[in-house]
Amino acid sequence: MKKIGVLAFQGGVIEHVKKIEELGHIPVLVKKNEDLEGIDGLILPGGESTTIGKFLIETGLKDKILSLAEQGMPMWGTCAGAILLSKSIKNQGSGVLPLLDIVIERNAYGSQIDSFRKEVFVPRFNKTTECVFIRAPKIVDVGSNVEVLAQLDTPIAVLQGTILATTFHPELTSQNYWHSFFVENMIK
C-alpha cells in the first residue's frame, strides 16, 4: 500500500481521499510539514490557488514540498494545484511551487456559471475520460520537456518527469483513471 498525501487547506480534498481509498491505498491529509513524512506522492487539489499558496508559505510547507520534488517525489496538481505548479501564470508571475514548465491562465474558461463536463480521449490510457471544468485554468504554452497527455483546444493534462497537472477535476467523476495513473504508474 502506498501513502498518498493530499494538501488539505481547501478544495476537493475529501473527493481525492475517496479516490485513493477506492484504489486500496492510504490517504494522508497534509496541513503541516510533519504530515509529509513517509508519503509516497502528493496531490495538490483544486480550490483557490492564491489562498492555497498563501497557506503554503505561511506554514513553511512550500520549502519542504519543493525539497521533496527535487528528490523526485511524484506530485499532481488539479485545477488550482496546476496553477501552483506552473512556472508562469499569464500576466501574474509564477506559481508558488514553479516545478512545471508551462504557462497557465487563470479562470480561462469563464466564471463558475461557465463550468462544464466534457468527454476527452486520452491516448496514454486508450480511453475516453470525463473531465469536469470549474473556473478552470487553461495551459497556453508548454516547455519542450512537457508531455501533453490530453487536450481540448489547448492542453488540459500534462506531465513533466514526476510532476502531473490537470486543469480539470478528475476527483468529481465516477472514473478513477487519473488517480490510478498517478498512484500506480507514477509512484514506484
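Note that Cβ sites are derived from N, Cα and C of the backbone, with glycine treated the same way.
The structure displayed is predicted, hence computed values, not measured ones.
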Practice task
Would you identify which residue of ARG106, ARG124 Swiss-Prot lists as part of the L-glutamine site it also attributes to GLY47, GLU48, SER49, ILE134, ARG135?
Solution key: ARG106
Exercise for the section: Between HIS169 (active site, charge relay system) and CYS79 (active site, nucleophile), find the distance joining the two CA atoms and give it rounded to the nearest Å. Expected result: 7
Exercise for the section: Report, in whole Å, the straight Cα-to-Cα distance of GLU171 (active site, charge relay system) from GLY47 (L-glutamine binding site). Expected result: 13
Fill in the blank from the handout: For GLU48 (L-glutamine binding site), the three-state DSSP class is coil
Exercise for the section: List, in sequence order, the residues of the same chain other than GLY47, GLU48, SER49, ARG106, ILE134, ARG135 whose Cβ lies within 8 Å of the centroid of the Cβ atoms of the recorded L-glutamine site. Expected result: GLY11, GLY46, CYS79, ALA80, ILE83, ASN107, PRO137
Practice task
Would you count the other C-beta atoms found within 10 angstroms of the C-beta of CYS79 (active site, nucleophile) for me?
Solution key: 29
Handout entry: Other CB atoms, at most 10 A from the CB of HIS169 (active site, charge relay system)
Key = 25
